[in-house]
Amino acid sequence: MSVLPAWLVWLHLLTGYVSLAFCKDIGICLTVTLHKPVASEDGNLELFSSEAAAEAAAALRALRDVESRNCTLLHPNCERQLLVRGSEYVRLQPFLVDVRDSNSLAAPSAIFTCYQNGSHVALGLWNSALSMAGSFFSASYGLLVFGHRADSPALSIVERYPYFSRTIFSQALEANWLMGLFSHLGWQKVSILYERGELGESFVQAFQEEARPKGILVETVAAVDDAGQPTLQVPTASSALELIKQGSNKVIVLQIRLGFVVDFLNLAWELGLDIGSYVWVVATVPLQDVLREINGRGRDLPAGLFRGLLGVSIEPMDEALERLNTVHLSNFEEDEIGPLLHDRDGNLDPRMDDRVMDEIHRGARNMQSLYVYDAVWAYAFGYAKALREAAVGAPDPRGPEVLEALASLPAFRGLSGEVSFDEWGDRKVPPGFEGRVLNLHPGEEGGNYTLVDVGVVRAGLASDGEGAELGPELLWPDGSSYPEVPGDSFGTTSLRPVIVGVSVSAGLLVLMSAALVARIWLLHRRIHVLVVESGALDLESPLQKILDFLKRHQGFHRRPSRREAASLHDYIIANARNLQAPDLAAQLKRTHVYSKGVTSYLLSFVAPNRDDDGSSQSSIATSMRRKDPAHDFVLEDVLIPSQRLLEADEVVVPREAADSIGHDFFLDTVSANSAIANSPSPLAAVFKQSLHALGLVSRIPSEANAPLMRYVLAIEDGYPDTLYHCKLHAADVVHRLATILKRSGIAAALEEDNWATSLAMLIAAVVHDYKHPQVTNNFLVYQEAEIAIQYNDLSVAENYALCESRRLLKEQELDFKSPIFCKDCTKERWKKFSNTVISSVLATDMARHFDILSRFVTLVLKDPKLENKTTSQKWKAMTDDQRTLSLQMAIKLADIGHNSLPIELSKLWVKRLQDENFHQGDLEARSGMRVSALMDRRKPGVFSSEAQVSSQGQSQFPWPLVPRRFTC
């Protein structure tokens, strides 16, 4: 009989002991960016970045280490911090999403997929822009976003990004280092050129905050370019250079992207600036990357142009990278990552570029791999601590609880050094934390630059003597070297002007800061009153108040008093005309939260037939005079038929958008780079792909396909090309509606119930603004336009769209009704189809907005019999009224859902709406009417901040509640 070796016996006992431990499984979503968004011609995906693969592998190996409680790369006994209680440990269950884009528009879709798959955290978003978009959106779900690359100071703004944490240091650390360096060199003023946008502006703010305590004056602050431009824009760069010339300062900080650093200095030289007479400091871009960019351009650049370029960065962590590569990445297998890959919509997609594994086996080459490894462990520690501190039986911790736990988490030794967090989720900077001062030296003939380490600067140390140490290798742009130090200004011989300037500037800054703080406080208060306290507008219907009262009356606790009953009685009597919607008109007239213009604008929706001084009615003389139909200019220049309608088989769905239509809530349909916006037939293309997304292609009879597409093309021809109510708006609404139906599970429920209802909803979205006059219904009513008279002033544009679109069905080549409903002898199916289209289109009238919203909240969201059911089960349990309300809410979400898009896309839509409003204001002025609120182009419109806070905010839905109410 053979005897087992002693070590094997112990291993067996140890693994047996470990297997007895219980695990608390927590979902973690790794949002990696492995591939580029566009597939190659041979169908294989293209590698996004050589660094991304190693970072994804490091995160996956960290997850494995957490699961096995392997502390090899961390401090000893880290296992204790994973303990929840007793013998239960935290175990992270990964869900891997390949974001496939570095654009901020990709983040919300990825975050929503993480949320739908039960993840508690999204980790690994590629950059600050992605993290900002993701964190802003994730707040609706309590989902924490954990960054390892996102270093923008903007992400420290808790009010805007409440559920964000990171293991990479904020760029505020670099600002601190630079100020320590400048103070050590005796410089008392600097200038900064930044790239316009939230990322650049937040760094400037951090830079100025670090400058004040050290008495350093930031003399010139100039935007070099608009963020997002692919190339340096010469006009704005030239303007920034002019500001430099006009100032007296000689120390210039460049906070611009990598390619722009080289282009800007080259442009400055071409425009005659004496580059050598200034000191140029590169911020937020590693000087190593600038060196590669310079040497990569060869001899096309002037000799010596970049001599003496300065920068600071964290000391390389080569030893930690070697440990990570040796222990983990050298033996990484393909099946550890491929089978886990999902696309942004949550679909399993294990395809990989052939070079992914090659890049992983090359090993981690940057500190971001260390940061992401530490981020996985930090989240595991924080979540375990939050669970330990939670009451037994309490719900699993979400973003706020985990952030609080991270802030009180003891510091641990990670691969990237000591890791601990402040109360905002930022990684703490240890006192005296060192950064390396780097300097570019030219080679022979002024080319082939090399990077030289010339000293060290320490964070958070007030003493100039301790703050930095520099060596004689430090070379200045004019050719001199340290300890010689160039002056910070042109011929300054006395510090008196500087001191006076600093004092005056400090006083002005205090006043400006006080004004800014007051402004922010007032704006925050307005938003708080509007959204949180609901003190401005009570959106609850009288019916809901009655139901809540009865529910409390039936309970044992907090039963209503007689006084409350009397108050409710008076309230019901006062609102007896309509118990299903709040009397917002009366509230708006009472409240003083909004300006007169915004109040009037809101009243035009909630009380369109009002007659008050703030309205957009005509003057008495004009309102008493009926307009001559021959001069009804409303529709004159709006509807211009196209030269030739496409044939049904000529409609092409843009390849780059095909997978997103009907799946991605945040698809770009409006920008100049949008594949949909550049399509010759955007509405028909989106409709065609939506049929596939909802599985309707196999349901629709083949003989109906051609007339159906011809019908949609004819409808598209009736939409204007410009302003807000246009072809792109129709395409946007169809796509968003298809996505809502698909991802909420309503489409699947309709498949079981009556698939034609899904088609009816798409048709409703297609026709909902057909032949829209691009003015409001109020305008049509006051003008006594023919269509207003025809529909008795009720939902004028909506009824007109329904009537005109239905007329088209009488044309034989456009009649899709007959082949689809040919066996409908009683016309029952057609009647249901038609009623769905009509009720859905009429629901898009903003005059009915709050009525429908209140009824939906009362009858659907708060119906207890619909709790804890799948969407299919809910649909079967619903009454016909509840189903109709749900479909109406779906198309309303689609219609004004652009307010929930990433901010840059939303701004494009609101700008179009403002242009359309100004167009109406011009018509009103031309006809002698009083110009409507927010429609006078001489005054702020709906694009202004005041209107955005008020009118746009009041039109929103309980967006987070809808996907929770309808989930598959």
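From the backbone N, Cα and C atoms, a Cβ is placed for every residue, glycine too.
TrEMBL entries are annotated by machine, without manual review.
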HIS729, HIS768, ASP769 bind Zn(2+) 1 in TrEMBL, but which of ASP583, ASP895, ASP915 does that record place at the same site?
ASP895
Identify, in sequence order, the residues in the chain of ASP895 (Zn(2+) 1 binding site) that are 6 or more apart from it along the sequence and have a CB within less than 8 Å of its CB; answer 'none' if there are none.
VAL733, HIS768, THR844
On a simple 10 Å Cβ count over all chains shown, which one of the recorded positions HIS725, HIS768 is most densely packed?
HIS768
Where HIS725 (active site, proton donor) and ASP769 (Zn(2+) 1 binding site) are concerned, what is their Cα separation in Å, rounded?
7
Validating a neighbour-count step here. Other CB atoms within 10 A of the CB of HIS729 (Zn(2+) 1 binding site): how many?
25
Remaining residues near the recorded Zn(2+) 1 site, that is with C-beta within 8 Å of the centroid of the site residues HIS729, HIS768, ASP769, ASP895
HIS725, ALA730, VAL733, ALA765, HIS772, THR844
Determine, from DSSP, whether ASP769 (Zn(2+) 1 binding site) sits in helix, strand or coil.
coil
So what's the average pLDDT for the domain 'PDEase' (642-968)?
89
